[in-house]
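Participant: According to Swiss-Prot:
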{"type": "CARBOHYD", "residues": "28", "note": "N-linked glycosylation site"}
{"type": "CARBOHYD", "residues": "94", "note": "N-linked glycosylation site"}
{"type": "CARBOHYD", "residues": "174", "note": "N-linked glycosylation site"}
{"type": "CARBOHYD", "residues": "259", "note": "N-linked glycosylation site"}
{"type": "REGION", "residues": "357-382", "note": "region 'RCL'"}
């Protein structure tokens with residue numbers, strides 16, 4: 001933290017007018033309610049997922065769509081003209097139906113809801129701006145970032161990259177309970193601003209697995225390959241269940257003790273690509289509407305830890321967000337001039353699933369699940385082949401995390417239960433990558 005001091009809208013000012021603002025949003029959210037934002041969030045999540053899978057079809061995937069959306073929406077406060085339009089439409093908002101101010105008000109409402117203390121489920125999310133000490137930021141941009149996204153602001157000396165890197169990494173580590181310790185490995189001296197968004201999730205299964213029942217078992221990577229992994233087991237579990245015959249997959253929902261749940265999608269052998277191609281907001285709604293409590297005689301789920309790193313500046317253009325990374329970028333609402341562009345967006349996620357619960361940092365994760373199927377004959381569900389996972393907040397219907405488990409053995413650590421996905425934006429001539437959710441970096445053009 002040495003060499004850095006809080007800026008105008010640092011943490012102590014975050015609550016200024018916040019309660020009144022939240023009440024106003026709660027009373028006036030008509031164009032953008034939680035369901036509208038949830039639908040856009042899900043649409044973006046599935047679109048990004050398909051791009052990630054397209055590049056690495058047989059690898060694990062873990063990311064926090066909500067964290068990435070929040071970071072980009074916050075950055076859009078500083079964008080104008082086509083740059084602004086591309087960001088918001090890339091996040092799957094219909095600007096004809098949903099005006100830009102309503103989008104930001106909706107995020108403010110959701111961020112406040114998620115920050116409320118819950119019953120045994122801890123969700124912590126926040127944003128921070130690290131600004132080059134000589135860079136003049138418009139007061140309007142800083143105030144909107146504080147009021148709408150609860151963003152803290154700090155000055156940093158990017159001419160001393162080691163000190164600036166330590167400042168940012170310490171901030172992220174402190175706010176993700178140490179789950180993400182090195183978001184950034186180095187910083188370019190041309191960096192002018194780094195935007196960080198983090199999300200930390202920790203929950204306990206309503207029906208935890210018994211560690212004594214966990215044993216090594218086969219996980220089939222494909223028709224010809226398998227690995228031995230720790231397999232958790234729970235018997236006689238009643239939980240929401242749906243068999244989707246059209247898409248050839250089984251859907252099970254495992255609930256946490258608070259306002260969160262994990263949905264597991266198990267495609268039939270050889271049907272993963274069919275399910276992935278069908279991922280749409282309507283698909284998720286159909287699954288949720290079709291889930292019914294069923295008795296599952298035996299449910300087996302791998303105990304695992306997986307992690308991923310993504311440079312999103314190479315992927316977001318496929319979703320229509322292009323100008324942000326070019327010399328045509330208009331981020332003049334940040335400084336008053338068109339002298340900034342985004343050089344890099346990095347997303348890092350860690351997901352651990354174990355018997356008792358889930359812990360995540362700026363990302364997604366969940367543990368201990370249970371499910372059931374109401375049928376006359378014995379029902380057994382084995383997650384012994386690649387499957388999908390979606391962790392959602394049940395109050396807002398927001399998809400906090402999404403994952404594809406292709407190989408539970410890809411990481412060595414199977415013991416802890418945690419998820420980490422911070423998001424950072426760095427503003428500089430070339431986008432700088434960071435470890436955790438999403439990191440946009442801004443540099444001078």
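Any Cβ shown, glycine's included, is placed from N, Cα and C.
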Participant: Fewest other CB within 10 angstroms, which one of the glycosylation sites 94, 259?
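Facilitator: Comparing Cβ neighbours within 10 Å for the glycosylation sites 94, 259, 94 has the fewest.
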Participant: For the region 'RCL' (357-382), what is the mean per-residue pLDDT, to the nearest integer?
Facilitator: 48
Participant: For residue 174 (N-linked glycosylation site), what is the secondary structure state per DSSP, taken as helix, strand or coil?
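Facilitator: Assignment for residue 174 (N-linked glycosylation site) reads helix.
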Participant: Quick one: Cα separation, residue 94 (N-linked glycosylation site) versus residue 174 (N-linked glycosylation site), in Å?
Facilitator: 36
Participant: Looking only at C-alpha atoms, tell me how far residue 259 (N-linked glycosylation site) is from residue 174 (N-linked glycosylation site), rounded to the nearest Å.
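Facilitator: On Cα coordinates alone, these residues lie 24 Å apart.
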